[in-house]
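Now, the feature entries from TrEMBL:
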- 17-82: domain 'Core Histone H2A/H2B/H3' (DOMAIN)
Amino acid sequence: KRERKPPTAYARPLGTSPLPIARVQKILKADEELVMVQREAVLAIAIATEQFVKRLMEAVHRVALRERRTTVQQRDMLSVVRRADEFLFLD
C-alpha cells in the first residue's frame with residue numbers, strides 16, 4: 001500500500017492570500033458599480049473568499065467521509081449545496 005502522509009496545517013502569513021491579488025482586482029473591476037477599491041479591501045475580499053472555499057470544501061469532505069470514500073466527487077458538492085442552509089445560494 002501507498003504510505004500516507006499526515007495532513008499539514010496551512011498557515012497563511014499575515015497580510016497575504018493564496019489567491020492572486022491581481023486576479024481578485026481584475027474580477028472586482030469587472031463590476032461596473034465599483035469605481036475604486038482600496039488594496040486593503042481587495043486583500044480582505046481575497047481572505048474572505050479563501051475562508052468561504054475552505055468551509056465549503058470541509059463540508060464536501062465530510063460528506064465523502066460519511067460515504068467512506070477518500071475522493072471527493074461532484075455529487076458530494078451537490079449534496080452540500082442542496083442540504084446546507086449556508087450554501088443554498090449556490091443552487
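Even glycines carry a Cβ here, placed using N, Cα and C.
TrEMBL: automatically predicted annotations, no manual curation.
The average pLDDT for the domain 'Core Histone H2A/H2B/H3' (17-82) in the predicted structure is 92. In terms of DSSP helix, strand and coil, the domain 'Core Histone H2A/H2B/H3' (17-82) has 46 helix, 0 strand, 20 coil.
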